[in-house]
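Per TrEMBL, the features are:
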- 1-18: signal peptide (SIGNAL)
- 234-617: domain 'SAM-dependent MTase RsmB/NOP-type' (DOMAIN)
- CYS327, ALA328, ALA329, PRO330, GLY331, GLY332, LYS333, ASP351, ASP378, ASP486: S-adenosyl-L-methionine binding site (BINDING)
- 453-472: region 'Disordered' (REGION)
- CYS537: active site, nucleophile (ACT_SITE)
Amino acid sequence: MKKARDFFFLATILRSSSFLTLLRPTPQMEDISERYCFKPILRWNPQVEDYFVRAYGPDHFSRISQALTRPSCYSCVRVNTLKSTPDAVIEKLLAILKEKGDVNSTNNVNLSKTDANCNSQSLHNCGKAASEQDGVTNTFKESFHSSSISKCQFPGLDYVLFVRGSGPHKIDYGYADGIPPKEVIVSRKCAEAVLRGAQVFVPGVMACSAHVEKGDVVAVSVAVEQPSADGGWGIGITRGTVMQGLQTDPYYFQRSGLYIGQGKAMMSRSGIFRITQGVAVDICSRVYQLPSFHDVLEGEIFLQNLPSIVTAHALDPQKGERILDMCAAPGGKTTAIAILMKDEGEIVAVDRSHNKVLDIQKLAVEMGLSCITTYKLDALKAVRRRNECDAASNLSCCDDINGMQSSNPVMLQVQKTALEGLTADEALNGSVSNEKANERTYISKADTRKNIRRMRNGPGRNQSIGGRVENSKGFSPNSFDRVLLDAPCSALGLRPRLFAGEETIESLRNHGKYQRRMFDQAVQLVRPGGVIVYSTCTINPGENEALVRYALDTYKFLSLAPQHPRIGGPGLVGHFEFPDGYIEEWLQPGEEELVQRFDPSSSLDTIGFFIAKFIVGSKDP
């Protein structure tokens, strides 16, 4: 009987949570502080890392890698000067941000003295590394005064506002008595959005602790890709995994130093993995506190990185010109150009994605811009084939009619009937003679009826074209005054970035080949005396300086032109020899000051970005 009582007593002890806590290995306090923090290390493909180290130097590239893992210390907002003024927007934003408490919030957050000094230093030293000879340092300092919202002090950019953020913050995640906090693990892309001010939405949740209920306070950590057995990368966590917060959990140690904030669960664990949309965690305490501009002053402001705004200025668009934006989605630079032109002229914005073209249309309508015409078109096919243009020499045939209906259906029908010499009834009945059909491209009865219906019914819902996207077969050579090629790239300058291992030397070189093919199209489309601006959001010299070298060596009628305003730093001079013997040529001495390279590790604190501006001379041999 005594043995039975002893056995029952021992079993009770073993089942008790306090005893299990004693058995569980308890991390030391310094281990806790190291684990529950945000100190990411950006992983690169080893060959890519060696390439960048040789391009920038080990110390400089180390600073770049560290900067890329963190967001900028401010948000950059472009004011739509056709609808509002910077002063009016500042007043509205201050009221909104005060009500929402988005700026410099310290709820349950302690900003250490060191962190505060670092944040202050990054704000007040902005521009130091960019170009001291141009006076950029003092100009950027003046942009950050005591107010949380400031006007940009660079010449010509007074309609650009800087909204101050804060961080990095130290957060108490509630680790007590050896019991880890309840935790939600999100995907890397979700985490990068959260660091920019977003909430945690359901699709971004990978796993969470057991027994998470609505209203629970949870720590939010990131599952970042790790090397896998097959030589690739993976996260190793299946969506829906239950986390215990123990060292036996998948990627327990890899999440160390990857905690991005603390929030309140907006639904239970079962709800998170049962539905497909909605906010899963409302982030209350963030490592980096940046304001959210979702649904804020739509049409009056646009959240845009400073280098992207500078790109529109480098193009220097003039009223009445015809401008092509070759890879226009989501429309930020397109609308910036339209506003600089005072909505007078024509901007042709193309993208190969149907949905992205719709996004451009929606943004243009939201901002009240009428000079933007959109088409679905692959930039690699932007130049209409010569035999198609020869079929009819007039501009409408080559650029606006055959498969390229304008987003203004009324103007389209007027153009068609005027060129054909037909009335609307004649067009509807299809009474087009063979003689007229031979004179220009044939238009089917179905297309004619469709366009007359558009003329009769108007542009449709959302004040655009009712969700319809028109295709383009390309444009005539020399038919644009200016061309912007913001090329698809490796995007290795975007921040915050928590992983970069997917890019290889081969993929980086393929990006460069793809961009050269697009640039060949741009050169054909711009008229002699016109301008081409090329830009990317990557730190890769092979997509930046190497493209400039290719352009200048291939097209002798191209020359680099100065850019205004000049805010970024100089380009890279020299070359790089790959292990296979291929030599990648960059800029030559004297050319580096004619491009703008935005370094994410500089005190400007921008994304990594590159801008080159070309003047097109006479194309005659």
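Heads up, residue numbers simply count up from 1 along the chain you see.
Placed from the backbone N, Cα and C atoms, the Cβ positions cover glycine too.
Other C-beta atoms found within 10 angstroms of the C-beta of the residue listed as 'active site, nucleophile' number 23, with every protein chain shown included. When averaged over the domain 'SAM-dependent MTase RsmB/NOP-type' (234-617), pLDDT in the model lands at 85. Rounded to the nearest whole angstrom, the C-alpha distance between the residue listed as 'active site, nucleophile' and LYS333 (S-adenosyl-L-methionine binding site) is 13. Long-range C-beta contacts of GLY331 (S-adenosyl-L-methionine binding site), restricted to its own chain and to partners at least six residues apart, with a cutoff below 8 Å, comprise ALA349, ASP359, ILE360, LEU363, ALA364, ILE372.
It is CYS327 that, of the binding-site residues CYS327, ASP378, has its Cβ surrounded by the most other Cβ atoms within 10 Å. Over all protein chains present, the Cβ of ALA329 (S-adenosyl-L-methionine binding site) has 22 other Cβ atoms lying within 10 Å.
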